[in-house]
Amino acid sequence: MDVGSTGDTSADYFSPDGAISRWKFTVSRKYQHFLDKTTPHMLRRWIGSLIIACIYVLRVYLIQGFYVVSYGLGIYMLNLLIGFLSPQVDPGIQELYDGATLPTRGSDEFRPFVRRLPEFKFWYSITKAFCIAFVMTFFSVFDVPVFWPILLFYWVVLFTLTMRRQISHMIKYKYVPFSFGKQRYDGKKASAESAGHSMD
């Protein structure tokens, strides 16, 4: 029984399906390892993405087509940007259950801004979207004839309305979508305050 099962396992191991599964697993692991290594290099990642975006824009400009693909890419990037600028938990919803969640006094604990879409996922999604859109420009089926100024005008209007709503939300709930780390207190100021209290 055991010998037969071992033989079946080895047969699966050397079968074409097993070889493909092993190859996919190896490629996936190496790709994930590469992504993990790029995580701390934020500036280099974004420069690479900017180069990819410039290559895509140059190709669309040279072939004078694929405006619908570019419009879809713009809508997708706008959606990602809203997720990047939005808090993980909507303050309006959380306020209904827990009250105010952001610090309102100097003695309150500092809470860094937690995004709904983290920076790395934001970068990765944008880069992948540009790569997919670039590949799509090699297939004429995606080149739908359209009057591109209308798409551009509609996207600008949509971007303006969306960002105005997002900025109003930020002003209403008093949060900034950028966290610069934990608050630091000046030692001289703290010692001066303690000396003032001791004199009192």
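Cβ atoms are placed via backbone N, Cα and C, with glycine included.
As recorded in TrEMBL, the features of this protein are as follows:
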TRANSMEM  43-62  transmembrane segment
TRANSMEM  68-86  transmembrane segment
TRANSMEM  122-140  transmembrane segment
TRANSMEM  146-163  transmembrane segment
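Here the transmembrane segment (146-163) sits apart from the transmembrane segment (43-62); fewer than 3 CB pairs are under 8 Å, leaving out pairs fewer than 6 apart in sequence. Within its own chain, the transmembrane segment (68-86) has Cβ neighbours under 8 Å at 60, 115-117, 119, 122, 125-126, 129-130, 133, 136-137, 142-144, 146, 151, 155, 158-159, 162, 166, 169-170, 177, counting only residues six or more beyond its boundaries.
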